[in-house]
Amino acid sequence: MRALWVLGLCCVLLTFGSVRADDEVDVDGTVEEDLGKSREGSRTDDEVVQREEEAIQLDGLNASQIRELREKSEKFAFQAEVNRMMKLIINSLYKNKEIFLRELISNASDALDKIRLISLTDENALSGNEELTVKIKCDKEKNLLHVTDTGVGMTREELVKNLGTIAKSGTSEFLNKMTEAQEDGQSTSELIGQFGVGFYSAFLVADKVIVTSKHNNDTQHIWESDSNEFSVIADPRGNTLGRGTTITLVLKEEASDYLELDTIKNLVKKYSQFINFPIYVWSSKTETVEEPMEEEEAAKEEKEESDDEAAVEEEEEEKKPKTKKVEKTVWDWELMNDIKPIWQRPSKEVEEDEYKAFYKSFSKESDDPMAYIHFTAEGEVTFKSILFVPTSAPRGLFDEYGSKKSDYIKLYVRRVFITDDFHDMMPKYLNFVKGVVDSDDLPLNVSRETLQQHKLLKVIRKKLVRKTLDMIKKIADDKYNDTFWKEFGTNIKLGVIEDHSNRTRLAKLLRFQSSHHPTDITSLDQYVERMKEKQDKIYFMAGSSRKEAESSPFVERLLKKGYEVIYLTEPVDEYCIQALPEFDGKRFQNVAKEGVKFDESEKTKESREAVEKEFEPLLNWMKDKALKDKIEKAVVSQRLTESPCALVASQYGWSGNMERIMKAQAYQTGKDISTNYYASQKKTFEINPRHPLIRDMLRRIKEDEDDKTVLDLAVVLFETATLRSGYLLPDTKAYGDRIERMLRLSLNIDPDAKVEEEPEEEPEETAEDTTEDTEQDEDEEMDVGTDEEEETAKESTAEKDEL
């Protein structure tokens, strides 16, 4: 019995010791979740203690303090307009709740600006707290989000006035704007801050909002509201802030995402990374620290070392405490807005590497920018800006061109991000430019809808465009031609078409291929410099490719005389040139249209007139008989040297290239009356009087105007000229038949000779067919044999009858 009692006692002692050991391990190895306590075990320096106190101050009230607050607080009703306004905010912005944090940080920044301004004239203004910061802390356990600033703070009266009522005129205007925006289906996400009501966006994510504030001229007070009513009471904790304001949000269940550190950090970086004051978030990180070993572990390690070195005798040194490396989670304030707004610094003080680093951080690009410009605009509106040209065009640059919103220009007002969701900061053709615009003259948190009608926007836009074009103009020629033009050339051409006020500046940026060089592109300035002495027009030829353009009959005489011709090979090129009335006093001439004339001497003029008179019978015959319904007129050409003829559009008609483009667009967008009208316009038929075909036609029609061969030749020449001039034939079968007839005549083949009929071949017999035929033949032979036997029998019977 005694043995059993002793055994049981031993088991109890062992179990107690085991539990005790487990408890000790748990205490050492578990990370505490209370944000108000230190996570750094053995560290007790002043810095850690200070951080602990800061964390405790940001925590919510305890149960007894909350009870006292509820019992003794003075209750207030919101103004009727405030109630209506809060409902509008909550109902209109429920899909864009995240802006609440931007509004709270913006208000905190304003409060910090105010106390800093006061401190310039009052040396004791910062005595309560020397720091000028914004701090954010998430408390998942208590479902609280704290935003604290060390700004000017609010007195009791200011809490009631600023958070419970709004100036009536401002409220009415705000409500009208909100209602209009909702009726028009526009975004209201930025409108709330325009009238100083951004604070109420906190109710988008919070069931209850608690504001703790300390002003230098009053004691610390607490304002609390559930959006139906609010209360104000002196803080039973006393002065815990020193100076400033803490906004504590009791988050709704569906807003729990805003207690995630990553979510808060991303929102701060998105909206507030360029605020003038440092913004900190209470966050954790894992660090490796050294801790003293326990006695058992140290003794075990010493034993292992003594066993390994038993053969070596050394003098005993002073024993140092044994330590081990342990990973611990450490909580501390993490700075969020570490990227300083370099556009606020003078451009001379910013290094090139800083611009490149800022661009990569700002645009999320891995390549350096092709070009950038940093400037301050002054005058009617003052703003600072940095603009960048990326190395390559963004993907889908022309997808939904004009309707897709560009998010490459970010608007800041006093370093607070407002929006990148609008059309009007940059014109459509500059939709590849990236950058920031920061203005102190615009209203803080101006909405996108209000911004679009803001008179200062047009001024900002105008200056941005001018500065962008200056930046592009300064790109080195080799980089411009090799890189920029390949990536963004189409944008510049669209700019010439769309931007009337900057058309001359944009024209200087245009580049085209030309007959001057087989591969290099040229500017219009360079073309004008190379023009002949008496040349008064800039000649261009449009085609689907360079090869098509330079082999066109329209450029034959120009190239032979040494004139340079610009080749337009992109669909937008001809539109672009048509939008330019002139360049440097020189008008543009499409060589595929009427109007191409050369400077000629009196002798040359007399010779031309003589040729025109000589070929007048042929010209009249073509216009009145052979091509009566196909051409407007027939003339002797001044532009042809090798080709027999060409089809030329009128000055206001479509060239072959333009007609092809317009018809392709018509097929995509449906029938267009104007397309059919322009396509049906008759054109001028130009002949080359020196070509042997034309000269022989003149001889033949003088002999016989009704010669069918000559009539066919005229039509074939017209249709061939149509194709060579870039137009499409309406009836390709008829054209093919005529070509065939001309070939027959050239080979002395009767035009009416028929094609030989192909002899019909009997189908080859298969094995099955052969078997069936054999069986059929055998049956026929048997039938024949039977018939013969019957006939013989009949004959013998007849003979017997006769006998």
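The backbone N, Cα and C atoms fix where each Cβ goes, and this holds for glycine too.
In Swiss-Prot, the ATP site is described by Asp149, Asn162, Phe199, and among Asn83, Asn96, Asn107, Asn239 the residue recorded at this site is Asn107. Ser447 is the residue among Ser119, Ser439, Ser447 that Swiss-Prot labels phosphoserine. In Swiss-Prot, the feature phosphoserine is assigned, of Ser187, Ser306, Ser515, Ser601, to Ser306; the remaining candidates carry no such note in the record. Highest local Cβ density among the recorded positions Asn107, Asn217, Asn481, Asn502 belongs to Asn107, counted as other Cβ atoms within 10 Å over all protein chains shown. Counting every protein chain shown, 29 other Cβ atoms lie within 10 Å of the Cβ of Asp149 (ATP binding site). A Cβ within 8 Å of the Cβ centre of Asn107, Asp149, Asn162, Phe199, the residues given for ATP, is found for these other residues of the same chain: Leu104, Ala108, Asp110, Ala111, Met154, Leu163, Gly198, Val211, Thr245, Ile247. Of the listed recorded positions, namely Asn162, Phe199, Lys479, the sparsest CB environment within 10 A is found at Lys479.
The distance from the Cα of Asn162 (ATP binding site) to the Cα of Asn502 (N-linked glycosylation site) comes to 48 Å. Lys479 (N6-acetyllysine) is 46 Å away from Asn107 (ATP binding site) when you measure Cα to Cα. Maximum C-alpha to C-alpha distance over the listed ATP-binding residues Asn107, Asp149, Asn162, Phe199 is 17 Å.
Lys479 (N6-acetyllysine) falls within a helix when secondary structure is assigned with DSSP.
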